[in-house]
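Input: a single structure, listed below in structure tokens.
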């Protein structure tokens, strides 16, 4: 290369460096003006923001579901939708999440638009109903405005709205039964989600919407199922879970139905890879079986060995048959706690064993 060409290349590099410095100064001046107009922290580098430091999570109460979600539980500061057919376990999942929040000293609220919350069942799942904030609104607008007030307070960790289908617009309530009110609920949801998305991130509040399934009319090909409330919730949700009942759990006889087996599919996930599936056991009156989830995860990661119908840890037998092994873990709380701690260290990178304060914690039980 000739000297003249080398000189031109050197000048070009120096100009580009000077240009970059001048551009950085211009951005800094813009940042100062932005903070002056909109407040401190309106524009920061991602590495300096909470977003760049990972996403906090709320345990679901099942280590298998925490693994399927990918970050150890439900993401805080995000919108979550849980949908599925009737009696599939949607409300149970949300009540279990409330119990986990409360066990870690957090505050939760339940906006019961369906007016159907069972306090006895909630208490059986570990929810402290005396500390749970409850609202039973008359209209959809009232429900969503209450949610907005709670989010803006900055003191709530988790809000449950049960359900989107029950968020009835005021105009629909004031009208006649035969009136056609097309798109009212969809517009209501779209406006509400636009308002709360930004403040959710700032308050680090997790909001979970329970939704129902409807059938599209005249669909000949593809999935005819859809959810209520329009499409806005699908777009604004960072996590969408589809819950379906797949089997029944029997007790001592085939006629003794003690629970349901459900499948949870992560159909949308903005915080980890989507489309993972997990099967959970929900016992009537007790909720999700933490011990069943721990047993399945322990087998998966070879902490528990299954030989024929026998389950064991090394030379120690847990029991013959799945139900006996689960019952053994229910009785031996210290062992269950140790297994969960080991599993979380294996599954979730950077997990601190001392932070495990949820579920079957032998230390808490002894106290």
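Quick reminder: no glycine exception, Cβ is built from N, Cα and C everywhere.
These features come from TrEMBL:
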{"type": "BINDING", "residues": "84, 85, 86, 87, 88, 89, 90, 91", "note": "ATP binding site"}
{"type": "DOMAIN", "residues": "54-213", "note": "domain 'RecA family profile 1'"}
{"type": "DOMAIN", "residues": "218-293", "note": "domain 'RecA family profile 2'"}
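Within the set of binding-site residues (87, 88, 91), the lowest number of other Cβ atoms found within 10 Å of a Cβ is recorded at 87. Helix first, then strand, then coil: DSSP counts for the domain 'RecA family profile 2' (218-293) stand at 9 helix, 37 strand, 30 coil. Fewest Cβ neighbours within 10 Å among the binding-site residues 84, 85, 89: this applies to 85. Of the listed binding-site residues, namely 86, 90, the sparsest Cβ surroundings within 10 Å are found at 86. Taken residue by residue with DSSP, residue 86 (ATP binding site) is part of neither helix nor strand, so it is coil.
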